[in-house]
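Novice: Pasting in a structure now, in structure tokens, and then I'll have a few things to ask.
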Amino acid sequence: MRTIDWVDGAVELVDQTRLPGECVMLRIHTVSELVAAIQRLAVRGAPALGVAGALGVVLADGDPGEIAALRAARPTAVNLAWGVDQAAAHQGAGREAVLAAALRVRDDDIAACLAMGERGADLLEGDRLRIMTVCNTGGLAAVERGTALGVVQTLHERGRLAEVLALETRPLLQGARLTTWELARMGAPHRLIADSAGPYLLARGEVDAVLIGADRIAANGDTANKIGSYALALGAERAGVPFVVVAPESTIDQHTPSGEHIEIEDRGDEEIVTVRGVRVAPEGTRALNPAFDVTPHDLITAIVTDKRVIRP
Ligand code: MRU
């Protein structure tokens with residue numbers, strides 16, 4: 001199954017807000033529908049956003065206002081703007097050329113995820129690996145296979161995976177809803193943990209490597225990823241556990257010198273004071289909701305891309 005694709009003149013994507021209850025495909029015909037889908041996280045994850053951006057340019061049909069709105073739909077994952085730019089660069093050559101460029105972004109992502117899976121699995125030592133991860137970095141976050149969870153899939157296919165400990169990933173529970181769903185489909189052993197249990201389980205010696213994805217990697221290696229990643233990096237360093245970022249080259253942003261220049265999306269009060277629509281804090285409670293954090297490069301053991309291994 002492809003998470004996102006171009007089918008019969010429209011963008012088709014899995015509505016991730018409905019998982020794990022139902023797996024429903026959405027057909028999207030306009031840029032405003034696509035922007036809404038991106039903002040409510042029906043489509044999410046940096047590589048999938050890159051493909052959504054590229055395919056969205058086909059729907060925009062040269063309208064500069066629509067292209068700008070699409071590019072800015074979410075600020076942290078550089079892949080969205082990158083994907084838009086890849087397709088928009090071909091506008092002068094007509095709609096078919098834009099579509100061909102967008103399909104190249106899709107196909108390159110599929111190839112990149114396969115390559116990252118192999119390279120990441122080659123990098124890790126050991127035969128019965130216990131992996132900790134946060135958020136969702138699987139096929140749902142890309143077109144197929146994904147980044148950090150793509151490495152997990154390759155380890156599993158090679159018979160080298162003992163278990164995955166998946167953080168539930170409050171507030172939107174991408175770990176609990178999506179990562180467990182994907183791990184179950186691949187038949188990989190896994191247990192779900194509360195986010196706050198991550199650093200303690202690292203300290204207790206229950207993890208051989210932390211694998212995460214990335215939304216933007218600054219030129220010096222500082223990495224923005226789902227909130228909670230930084231706490232895992234601190235815990236991993238203290239426990240002497242490798243902390244590995246897995247992301248395609250398109251997530252590296254050479255125009256952003258370091259982490260403090262990365263715009264971190266704040267998603268507002270509602271997602272914190274409610275859980276899946278149920279209020280958990282008193283009426284009137286205010287919240288702070290950074291959707292991502294930044295892990296400084298000196299806490300990162302390695303960055304695995306589709307082309308290389310970087311040791312920041
Ligand atoms: O807010 P989300 O669900 O889009 O956040 C996604 C992440 O933080 C992922 O870890 C990241 O995009 C890498 S996906 C392969």
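Every residue gets a Cβ built from N, Cα and C, even glycine.
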Novice: According to TrEMBL, ARG44, GLY45, ALA46, GLN174, ASN225, LYS226 bind substrate; which one of ARG74, ARG145, ARG267 is annotated to that same site?
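Specialist: For the substrate site that includes ARG44, GLY45, ALA46, GLN174, ASN225, LYS226, TrEMBL also lists ARG74.
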Novice: Check the Cα distances from CYS135 (site 'Transition state stabilizer') to each of the recorded positions ASP215, ASN225, LYS226 and keep only the ones within 10 Å.
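Specialist: Within 10 Å Cα-Cα: ASN225, LYS226.
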Novice: Can you give me the same-chain residues 6 or more apart in sequence from LYS226 (substrate binding site) with a CB-CB distance under 8 Å?
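Specialist: Same-chain residues close to LYS226 (substrate binding site) (Cβ under 8 Å, separated by 6 or more) are VAL134, CYS135, THR169, GLN174, ILE212, GLY213, ASP215, ALA291, PHE292, ASP293.
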Novice: Of all the binding-site residues here, GLN174, ASN225, which one's CB has the most other CB atoms within 10 A?
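Specialist: Result of the Cβ crowding comparison: ASN225.
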Novice: Taking the center of the Cβ atoms of ARG44, GLY45, ALA46, ARG74, GLN174, ASN225, LYS226 at the recorded substrate site, which other residues in this chain have a Cβ no more than 8 Å from that point?
Specialist: LEU49, ALA77, CYS135, ASN136, THR137, ALA141, GLY213, ASP215, ALA291, PHE292
Novice: Anything from the recorded positions ARG44, ARG74, CYS135, ASN225 with its Cβ under 6 A from ligand 1? List those in sequence order.
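Specialist: Cβ under 6 Å from ligand 1: ARG44, CYS135, ASN225.
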Novice: When you measure from the Cβ of ARG44 (substrate binding site), which residues in the chain that are at least 6 apart have a Cβ under 8 Å away?
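Specialist: Expected: GLN16, ILE38, ASN136, LEU140, ALA141, GLN174.
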